[in-house]
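These come from TrEMBL:
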type: TRANSMEM; residues: B:31-53; note: transmembrane segment
type: DOMAIN; residues: B:120-354; note: domain 'ABC transmembrane type-1'
type: TRANSMEM; residues: B:126-144; note: transmembrane segment
type: TRANSMEM; residues: B:156-176; note: transmembrane segment
type: TRANSMEM; residues: B:227-250; note: transmembrane segment
type: TRANSMEM; residues: B:285-306; note: transmembrane segment
type: TRANSMEM; residues: B:330-357; note: transmembrane segment
Amino acid sequence: MSTPALTPPRQPLFSRLPVVSHLKKSVGLQRGMLIVGVVLSGLFILTSIFAPLLAPYGYSQLSDGSGSFPTQEAPSGKHLLGTTVGGYDVLSRVIWGSQTALAVIVVSVVMSLFLGVALGLLSGYFGGWLDRILVVVADAIYAFPTLLLAIVISIVISRGQSSFWGGIFSCAFSITVVFVPQYFRVIRAETIRLKAEPFVESAKVLGASSLRIIGRHIFKNATRTLPLMFTLNASEAILTLAGLGFLGFGIEPTSAAEWGFDLNKALADTSSGIWWTGVFPGIAIVLTVLGLTLVGESINDLNDPRIRGRKRAGRTPAAPVTQSTPSEAGKP
Amino acid sequence: MTTLIEVPEAEPGIVAPKSKSKAGGGLGRYIVVRFFLIIPTVFILVTLVFFLMRVIGDPITASQGGRLPPDVLAQRIHDAGYDRPVLVQYFEYLGQLITGNFGTTITDRRPVVEVLTTFGAATLELSINALIVALAVGIPFGLIAAQHRDKTPDALLRFFAILCYATPVFFSGLLLKLTFSVWLGWFPVAGRASTRTELAMSALAAPSGIYWLDALRSGNFAALGDIAAHAVLPAIALGLLTAGVFLRLVRTNVIGTLGKDYVEAGRSRGVSEFRLVTKHAYKPALIPIITVMGLQIALMLGGAILTETTFEWKGLGYQLVQYLNARDFVAVQGIVVLLAIIVAVTNFIVDIIAALIDPRVRY
């Protein structure tokens, strides 16, 4: 993350972790953005972990001891955020929805990281016909509307709606197909750049195998931009999941709570002035994506010396940045 | 699409001095090479979508299975040729595509080409409206943010940009609908136009399908007002999605160019900060924006599907969802292939424009 030549004393692992090291580098506004992002993301993760404790009812619960829930009831003491057309408690579904979102993020990002990084390393290192084919295919997929591709794939996998894990995996896989080309492009470009570096050359001269060079020398250096991509893709994964749910290709309401699906059902309510069914799941999506994006955005800015604010340089920040650090941050 | 291509013709002044060397031939060659790169892109997507769709089974069973008796079903599958090997069907489909035949939908038995032309115009209209909103919001706000870098206006605008990205189109659409249609009653809730206008538009001879264009041509100004009222909310919902991207791009690039020596030289000669931003730093910052606009088209088409569903805007995206729900995969395949072609062609045009503006792009 920092310029390698200038950091001789190795700091403890904790302060070298992506977000922590960025927090130390940041000043003023950027620090504020990063902190807000970390807090929002933290809240999201905590909510999803403790959903069973936090939610007053189950996500598909329609009644309790005192009888069935009323439908389309305005927020009240018993149902803090009201109830939906189907008689679900809005607050409970918003809370449970975070669990679905987190599961999809984790599964999809892990799958696309694995595939994208592996393909990018192989393609960039070996080149040749494999590289050409992969680049053409990745470019074709990359340029295509992500949501459309995700719809087609989710239809193929789940043939519409499905159970909790079935739905999670089909959503996650649809998102993976969309993401792999992005990871692939970044890692491949880095690999090609690193391949020409002297340390790879010397490893080759010493007789290291291709596998060792890729795994040890290139992998570690090529994956610097991954924390950034991870956060940005996590937010995109939520948006894609919500989009799929909104169009009706997500997870069934009885299998899991999903914000996009709830918004779809809420759409019909708006014309009669019922706002609570749509506004709260929508806010949940916005806050989650906002948190993840703020983290990603801040990491991106802090990695880019042209954009980064300087820490107490002694001068006013209006002075142009004259440092000649080349910027290779993952910019599209 | 042709309206987009007119831009490069206005630019030859920039290219002309370079053509003394071999850059003129270089550009021609670049265009040809880039044009032929469209083919593999479209081909890969067509192949991908075709085989993905066939994994599910044949299109007729998918849409009619359970509704027809088995022998009728088998007869229809045989008539349509879906009982032949998949590879044979694949090559036949490719052959049909080359001749412009996208097949016939299964549920309502219309030629897919007809579906595409009827609903494509509505999507095009929505996208143009949204693009206008996106540029009108994104570029000026981006300039303001760059000028006030790291101060309050910049912070607020950057937050606004991230908020634009973080809000799904259907949620901003829902909020807009709730506020401006239901509570304030300023705009209609959904649709492209009221029924009367729609009837008037379809009664026209040779309609273009783009409502405001048709209304203007027929001089129907009452209809024009109606169309405009319907267009406002969807355009804002979809436009804001991309406005945030434009804002950030303009900001980052203008900040980059503001640090350049020639801007510093201008500043030392006493050029005002406002003029430096709007005159000196702005233009070179536009090049990356044009390049990214190609990718925005894809984002916008995806957003259009959601916007059209939110506002019942009867365009390609709305229709696509209807066909998906009916499991009419011939229609779905046709729409997806068309969108693939649109995306590939716009990226081609964008690359050419970028090459015309910045000769370094050509190789």
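Cβ atoms are placed via backbone N, Cα and C, with glycine included.
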Region pair the transmembrane segment (B:156-176) / the transmembrane segment (B:31-53), three or more CB pairs under 8 Å: no
Among the ranges B:31-53, B:227-250, B:330-357, the one whose Cβ pairs under 8 Å to the transmembrane segment (B:126-144) are most numerous: B:227-250
Contacting positions for the transmembrane segment (B:31-53) when only residues 6+ beyond its ends and CB under 8 Å are counted: 59, 86, 90, 93-94, 97, 329, 332-333, 336-337, 340-341, 344-345, 347-348, 351-352, 355
